[in-house]
Amino acid sequence: MLEQVRGPADLQHLSQSQLRDLAQEIRQFLIHKVAATGGHLGPNLGVVELTLALHRVFDSPHDPIIFDTGHQAYVHKMLTGRSEDFDTLRSKDGLSGYPSRSESDHDWVESSHASAALSYADGLAKAFELTGHRNRHVVAVVGDGALTGGMCWEALNNIATSRRPVVIVVNDNGRSYAPTIGGLAEHLAALRLQPGYERVLEEGRKAVRGVPLIGELCYQCIHSIKAGIKDAIAPQVMFTDLGIKYVGPIDGHDEHAVESALRHARGFNAPVIVHVVTRKGMGYAPAENDEADQMHACGVIDPETGLPTKASGTSWTSVFSDELISQAAKRRDVVAITAAMPGPTGLSAFRDRFPDRFFDVGIAEQHAMTSAAGLAMGGLHPVVAIYSTFLNRAFDQLMMDVALHKLPVTMVLDRAGITGPDGASHNGMWDLSILGIIPGIRVAAPRDGARLRAELGEALAVNDGPTAIRFPKGDVGEDIPAVQRRDGVDVLAVPATGLTHDVLLVAVGSFAKMALAVAELLRSQGIGVTVVDPRWVLPVPEALADLARDHKLVVTVEDNGLHGGIGSSVSAALRHAEIDVPCRDVGVPQQFQDHASRGEVLAEVGLTDRHIARQITGWVAAIGTRSAAEDEVGQTLD
């Protein structure tokens with residue numbers, strides 16, 4: 001049946017029985033396709049019936065359907081004519097793992113960072129009103145904890161003041177949403193703080209419990225009824241107090257019920273919340289039984305068991321996780337913060353070992369950073385573990401709430417540099433540029449696991465300002481020893497005997513291995529190369545300037561955007577030190593990179609050992625030619 005669905009129009013004639021069969025077919029399709037490519041499996045298994053209902057009720061793309069977050073959009077892609085492309089999911093030139101405007105008119109937003117859909121919806125609804133398209137609805141599907149982000153509530157505050165037809169579907173899969181909503185609970189909490197409330201409540205408890213034989217039972221019944229009423233109506237009160245109509249809760253796996261609720265909501269022609277309760281990983285036992293995250297995201301797996309098809313090596317994340325626990329065991333002031341990602345950022349083990357010193361703030365990076373500032377003010381040393389790409393969201397808080405106060409907060413930036421399959425929104429290629437303008441910050445880029453352990457300890461020893469440590473996604477590889485240490489800078493290789501000090505090659509973090517390969521290629525061409533790892537890349541170590549004096553050319557290699565990266569900082573440092581040595585930087589072009597494997601993206605932007613060696617060979621030749629020409633001019637003048 002799925003093969004016959006080329007677009008939403010093909011869903012309109014299906015009976016409820018056929019829709020149930022189609023839902024089952026979609027789940028089997030998802031399991032086998034995502035098992036082969038990797039991707040976000042659990043979230044999409046949970047929204048099958050919901051997505052079917054959305055496309056039967058609303059006229060996409062005339063009525064925009066915006067997914068927050070975009071990793072819930074696989075079924076949407078299938079129902080809009082892209083099923084045949086799923087073998088290429090998250091592959092180079094293939095189907096994106098998120099909505100993609102270049103793929104389909106049905107994808108309005110390339111949404112992958114959470115909590116933004118309602119703001120898009122608010123803007124679109126305003127635009128449709130102003131341009132006379134009042135018959136168009138805007139649908140925002142919010143789930144997977146996105147409502148824990150403050151931006152959602154900022155948008156709701158604006159949406160609620162209008163009569164524009166915005167339908168907000170809350171996909172409540174029990175992953176962070178429910179505990180964050182409860183208007184009546186807040187009112188009751190305020191009431192409990194009023195003088196006399198506790199006294200009257202306690203007298204009432206005593207009176208009921210004092211009834212012979214049945215008193216305690218009566219009290220428990222009344223207490224349960226009160227709690228049930230509070231839980232049942234708290235969501236409605238929260239939203240209706242804002243001025244937004246509320247429909248639900250609805251069984252999200254009953255397509256007919258969801259469709260009826262959506263049609264009802266569509267008829268309001270005003271802002272409305274449709275509360276849909278779903279189960280993440282629905283219909284796939286390995287996902288349903290995965291207590292950690294219902295197989296939120298997976299690599300290549302066996303579809304029958306849900307287990308990875310091949311063992312992975314030691315990851316950067318796991319090295320950080322182990323070392324943080326080791327440090328925390330020695331230092332009671334070390335605390336950890338995550339923005340709804342304890343597993344992916346390596347903090348699950350810390351949470352289990354030190355539950356009182358672990359804080360999951362939800363999808364709230366801004367709050368995470370300023371909360372960390374408060375923890376630091378109180379005498380603790382917070383470690384904020386976050387994906388590099390999500391650091392962008394907390395820039396102001398880092399600048400004004402942490403750095404301005406010179407607070408000892410350590411940020412651990414996972415997935416730094418090119419990550420690959422998740423595409424432009426998840427590449428961590430801006431963090432060095434962002435951090436480079438923060439006064440007083442110290443930034444480390446470890447080249448291997450041993451350096452990650454050492455630099456985490458060094459960061460925790462800093463008590464007069466913020467620190468950051470960045471590392472990439474994937475396996476950490478073998479340790480790379482230094483041949484010598486120069487005032488904190490590790491020298492990894494020196495020119496072979498008989499070669500001059502032609503090039504100082506500055507390797508940033510995990511690019512040290514590639515830099516050594518580049519040096520070997522250049523050695524075979526008679527070019528002498530010194531390879532160094534600054535370890536702490538910001539501020540630029542003074543020893544790096546001293547090393548530069550002895551070379552004809554300085555080249556930096558980094559997996560950050562060229563604009564404002566370490567190359568720019570090194571060039572500025574050499575100018576400041578009045579060292580007149582040419583400096584060239586190699587990094588990621590200042591443009592969004594499409595999804596592909598990390599290796600494919602690096603090759604496409606020229607970040608391979610052979611390409612870099614060719615570049616350096618050309619630069620060295622140009623410097624030699626220029627020097628010869630200058631000598632010739634000098635002789636002529638003499």
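Keep in mind that glycine also has a Cβ here, set from the backbone N, Cα and C atoms.
Taken straight from Swiss-Prot:
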BINDING   HIS71, SER112, HIS113, ALA114, GLY145, ALA146, ASN173, TYR284, GLU365  thiamine diphosphate binding site
BINDING   ASP144, ASN173  Mg(2+) binding site
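Structure coloured by features recorded in Swiss-Prot.
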residue: HIS71; record: thiamine diphosphate binding site; DSSP class: helix
residue: HIS113; record: thiamine diphosphate binding site; DSSP class: coil
residue: GLY145; record: thiamine diphosphate binding site; DSSP class: coil
residue: ASN173; record: thiamine diphosphate binding site; DSSP class: coil
residue: GLU365; record: thiamine diphosphate binding site; DSSP class: helix
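Here the binding residues for thiamine diphosphate are HIS71, SER112, HIS113, ALA114, GLY145, ALA146, ASN173, TYR284, GLU365. Their largest Cα to Cα distance works out to 32 Å. For GLU365 (thiamine diphosphate binding site), the same-chain residues 6+ apart in sequence whose C-beta sits under 8 angstroms from its C-beta are ALA339, ILE386, PHE390, LEU391, ARG393, ALA394. Around the Cβ of HIS113 (thiamine diphosphate binding site), the same chain contributes THR69, THR389, PHE390, ARG393, SER425, each under 8 angstroms and 6 or more positions distant in sequence.
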